[in-house]
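Student: Handing you this structure, nothing more for now.
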Amino acid sequence: MRHPGWYSAHGPHGARGWHGPPPPEWSAPKWVTLWVPVIASFIPQVLAAIWTIRVGDYLPREAVGILGLALVGPLALIGARRFPGPVVVVVAAAASLDLFVNPHGGPPYVALAFAIVSAIVRGARVWAWVSVGAAWIATVGAAIAMGREEWTPGRIAATTLGILIVFGIGEGMRTRRDRAAEYWRLAGEREQSEVQAERVRIARELHDVLAHSLSQINVQAGVGLHLMERQPDKAAEALASIKETSKAALDEVRSVLGALRSDGTTDAPLVPEPALDRLPALVAAIRGVEVTLDNRIVDAPKSVQLALFRIAQESLTNVTRHAGAAHATVRLWTEGGSYRLEVTDDGAGSTTPASETGGRGLLGMRERAELLGGHLSAGPAPGTGFRVSATIPMEGVPT
């Protein structure tokens with residue numbers, strides 16, 4: 001999965017800065033997280049145990065016990081990845097016994113720190129707190145009950161503080177890990193949402209480009225077939241219109257595909273984005289329906305012009321395909337701080353477009369208006385016919 005936060009800092013454009021934790025797959029290899037704690041605790045504990053045995057006056061069984069306890073912790077850490085809870089119990093017990101076998105002290109039982117952190121980070125927090133807490137209370141209680149002079153209040157306080165610091169480190173690492181997981185979960189959801197929005201945008205653009213042209217081609221093909229024998233000159237006109245319409249549609253498809261390229265380094269689209277100055281040509285290309293155009297919008301942002309043009313185009317497509325109308329009117333004007341568009345016809349007022357195509361045409365028109373903060377309504381007009389009305393505010397629309 002592509003990680004938006006990370007790539008924004010280290011993407012192909014070389015932007016600097018850090019926008020979140022590194023992706024999970026960039027964490028340390030598994031063998032590192034497995035063997036580093038084992039080795040880091042094995043070396044000091046075993047060497048210290050050997051040194052203690054050499055300089056101390058221990059019986060053989062005591063020496064074996066000291067060395068065995070030094071080995072238990074590091075070896076137990078091998079299973080910390082799969083069994084973090086039981087491992088911290090074993091290591092806590094070994095650390096507690098080590099304090100009694102070697103009461104005058106040696107190096108800290110390093111394996112216990114790794115076991116605590118591993119248990120907390122891997123979700124065995126209760127195991128860690130209960131086992132270590134119980135082992136420490138039992139150790140201190142037994143030492144006091146047995147009258148061990150080396151167990152001074154200062155030593156108890158220092159050891160308790162050290163244990164709490166290790167727990168604090170583990171809790172901090174767990175919190176950071178949880179936040180990183182949540183960050184990437186939200187990043188993944190955001191990316192999926194962006195992908196879905198892009199798919200909807202592509203579908204809307206291609207629908208608007210192709211639906212109108214294919215509808216006109218279908219009408220003209222029917223006219224050509226009908227007049228081919230009786231009026232070949234009219235049939236030839238229909239074929240010429242089909243050629244012109246298909247060429248215009250191909251140019252627009254190329255324009256859309258060029259605009260959708262993601263590298264940002266390609267040439268500009270082959271044809272400019274549709275604007276309101278292309279409405280007369282759109283109206284002139286309509287066959288089978290007389291269309292009246294009344295455009296009183298002199299100037300508007302490109303985004304508004306594109307939206308209004310596409311809404312008018314889709315509305316006229318629906319008129320020619322479904323309404324059975326003889327006349328349609330396209331009106332554009334400004335009113336009350338908004339751009340207004342209204343397309344009406346004198347047909348049957350059918351809502352067939354929505355039911356036959358799953359509402360994609362009307363849905364696309366509504367989305368275009370809403371993306372610019374406006375709204376669109378479509379339904380039967382008073383009397384007869386069908387009406388599409390769109391309103392887009394002048395303020396706050398992107399250029």
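Just so you know, glycine gets a Cβ as well, placed from its N, Cα and C.
These figures come from a predicted structure and were not determined experimentally.
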Student: Out of 152-170, 266-284, 323-341, which range is noted as transmembrane segment by TrEMBL?
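Tutor: When 152-170, 266-284, 323-341 are checked in TrEMBL, transmembrane segment belongs to 152-170.
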Student: Do any residues of this chain, six or more beyond the ends of the region 'Disordered' (375-399), have a C-beta under 8 angstroms from a C-beta of it, and if so which?
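Tutor: Distant Cβ neighbours of the region 'Disordered' (375-399) are 301-304, 307-308, 311, 315, 318-319, 323, 325, 334, 337-351, 362, 365-366, 368-369.
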Student: Per DSSP, what is the helix/strand/coil residue tally across the domain 'Histidine kinase/HSP90-like ATPase' (303-396)?
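Tutor: The counts are 38 helix, 31 strand, 25 coil.
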Student: Do the transmembrane segment (63-84) and the transmembrane segment (31-51) share at least 3 Cβ pairs under 8 Å, sequence separation 6 or more?
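Tutor: As far as Cβ distances go (cut-off 8 Å, pairs 6 or more apart), the transmembrane segment (63-84) and the transmembrane segment (31-51) touch.
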